[in-house]
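This report refers to the structure that appears directly beneath it.
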Amino acid sequence: QQISWTPLLVLGYLFYLLLGAMVFQLLEKQAETHFRDQFQLEKLKFLQNYTCLDRQALEQFVQVLMEAWEKGVNPEGNSTNPSNWDFSNSFFFAGTVVTTIGYGNLSPSTVAGQIFCVFYALFGVPLNLAFLNQLGKALNAHLLTLERWVQKPGRAQVQCQFTIFAIFLTTGTLLFLVFPPLVFSYVEGWSYGEGFYFTFITLSTIGFGDYVVGTNPNKHYIPVYRSLTAIWIVFGLAWLALVFNVGADLMERYLQLKWHKSDLSLAEGDTTKLEDEPEQPRIHIPS
């Protein structure tokens with residue numbers, strides 16, 4: 001009887017979440033405490049330098065800054081900053097809605113915009129999934145063509161599939177994960193590590209919103225910069241989704257193979273045990 005590996009998968013999933021929680025807490029909590037204390041110290045210094053202000057007035061101004069940031073208005077610069085809702089930025093925002101990335105740095109502030117966003121996502125998310133599915137099928141068709149080209153007589157099919165997946169993974173990694181951070185580092189002024197972090201967080205649809213392209217008011221961007229970024233996101237999503245699907249399929253097959261081998265070993269052990277035992281008289285029970 002085949003043993004179900006589902007409980008093992010559930011336990012592994014919960015363990016992975018607990019491990020991530022402990023590591024994030026270990027890495028980030030102390031830094032958060034340091035930044036919080038530093039911010040409070042800066043507020044005290046500000047009040048000491050400007051005695052005409054009291055703490056309540058400063059807290060109200062901080063609240064204004066927080067509300068401006070939540071509405072997508074960068075507190076830096078002045079009123080001449082480019083609009084967050086020009087066509088290029090709006091196109092980029094529409095892409096983050098249907099792809100469910102949702103950075104969170106920009107959102108509709110009007111009731112009409114919020115209602116439209118709900119219905120836009122309601123129909124746009126399935127449309128995006130269907131589009132990515134077709135794009136994934138096209139990529140898969142190219143993979144099959146490449147597999148037929150690579151496969152030679154006498155070469156194992158598993159080895160051929162592994163070679164194709166390695167080529168697909170390497171090419172996509174270069175196009176969607178390695179080269180784009182170089183562009184973002186040049187345009188946005190980020191480090192390569194920050195650009196790589198933004199790239200993966202975006203294509204995995206995690207979308208924290210701590211790094212978003214085209215939001216620095218001190219930078220001059222070409223009008224189609226964010227639109228081109230949105231197109232890169234769509235193709236990168238299709239590639240990464242296919243990689244995740246293949247990876248999950250390989251992991252599932254590996255677990256099933258392990259359990260199947262375990263079942264076979266148990267069955268062979270039982271057979272050996274029966275062969276070692278002396279033969280018992282057989283009793284015929286009529287039906």
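Cβ coordinates come from backbone N, Cα and C, glycine included.
The model shown is predicted, which means the values in this text are computed figures rather than measured ones.
Between the listed ranges 67-86, 87-106, TrEMBL ties the annotation transmembrane segment to 87-106. Here the transmembrane segment (225-248) has Cβ contacts under 8 Å with residues 88-89, 91-92, 95, 99, 101, 131-132, 135-136, 139-140, 165, 168-169, 172, 175-176, 180, 187, 199, 202-205, 213-214 of the same chain, all six or more residues outside its ends. For the transmembrane segment (162-183), the list of distant contacts is 139, 143, 146-147, 150, 190, 192, 194-196, 198-200, 203, 232, 235-236, 239-240, 242-243, 246: same-chain residues at least six beyond its ends, Cβ to Cβ under 8 Å.
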